[in-house]
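Over in TrEMBL, the protein carries these features:
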| type | residues | note |
| --- | --- | --- |
| DOMAIN | 6-121 | domain 'Tetrahydrofolate dehydrogenase/cyclohydrolase catalytic' |
| DOMAIN | 140-288 | domain 'Tetrahydrofolate dehydrogenase/cyclohydrolase NAD(P)-binding' |
| BINDING | 166, 167, 168, 232 | NADP(+) binding site |
Ligand SMILES: Nc1nc(=O)c2c([nH]1)NC[C@@H]1CN(c3ccc(C(=O)N[C@@H](CCC(=O)O)C(=O)O)cc3)C=[N+]21
């Protein structure tokens with residue numbers, strides 16, 4: 001089987017169009033402009049590029065973007081103060097603190113100081129608990145984007161065998177919760193899993209989120225399975241010239257695409273959906289904050 005390519009870039013553009021429509025309606029009918037605040041601590045160049053692209057897309061869908069860049073040696077109390085200000089700012093409906101934070105800052109403490117209803121990353125313990133108990137919450141962007149693509153491709157996921165490789169709080173665990181919520185039989189595999197190849201071979205849906213370049217080979221994939229590749233790994237590409245690099249996923253694309261039923265590429269798969277879902281979560285948060293009906297098809 002040669003896999004159908006699930007075009008995350010095109011899907012993300014559709015999600016952004018929907019978001020833009022809701023933003024326009026909020027402005028026109030309610031006089032409200034959704035706002036997203038992004039906090040970046042430190043000068044990591046990759047993070048800077050990424051924060052810039054989030055800000056640009058936020059403005060493109062008609063929302064307000066508030067960027068806060070803090071020095072790498074910012075004191076924890078100062079960061080907590082800023083978050084408190086954003087929590088209290090009625091113009092700000094979503095708050096994202098770019099991770100990872102410098103070592104001297106307590107990530108859990110910082111994340112849990114964000115007002116849960118403004119936590120558009122869905123990382124606050126309240127949102128984690130709400131998701132785990134099937135209650136309305138803010139859902140982490142990357143798993144939400146993966147779920148949207150899976151639902152779009154399959155319609156119902158009920159009864160399917162899903163294997164999530166990776167157990168991070170950011171992707172693996174919430175992804176498993178979402179799949180369970182859609183009535184999949186879910187296995188969470190990780191670095192200590194015995195016979196990982198056999199576990200993956202049973203899966204109708206494979207979500208790879210480990211951050212190890214091309215670690216899942218095609219011969220682990222069941223014929224016709226759907227493969228969602230969350231990994232974004234930059235590796236050397238001497239074939240492109242000296243010092244050149246390229247992006248690869250956690251899945252070995254060519255060999256997996258030869259057996260899978262459908263697969264997401266890297267780049268152009270999960271990555272663009274993550275940002276689109278961040279915008280979607282911001283609109284959802286804005287509607288909830290104002291007691292308005294929330295947009296359909298943009299939440300889990
Ligand atoms: N609080 C927080 N929330 C995050 O969601 C978060 C974070 N911190 N820290 C950093 C990671 C990374 N991340 C990416 C999202 C999209 C692409 C993306 O769109 N990638 C493009 C390729 C971009 C390129 O060419 O480099 C693609 O896959 O097609 C990449 C990386 C979100 N993160």
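One-based numbering along the chain as shown.
Backbone N, Cα and C define each Cβ position, glycine as well.
Known features from TrEMBL, placed on the structure.
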residue : record               : Cβ within 10 Å
166     : NADP(+) binding site : 23
167     : NADP(+) binding site : 18
168     : NADP(+) binding site : 17
232     : NADP(+) binding site : 17
Max pairwise CA distance, angstrom, over record-listed NADP(+) binders 166, 167, 168, 232: 16
Helix, strand or coil at residue 167 (NADP(+) binding site) [DSSP, three-state]: coil
Binding-site residues close to ligand 1 - of 166, 167, 168, 232, only those whose C-beta is under 6 Å away: 232
The domain 'Tetrahydrofolate dehydrogenase/cyclohydrolase catalytic' (6-121) - residue tally per DSSP class, helix then strand then coil: 60 helix, 19 strand, 37 coil
The domain 'Tetrahydrofolate dehydrogenase/cyclohydrolase catalytic' (6-121) [mean pLDDT, rounded to integer]: 97
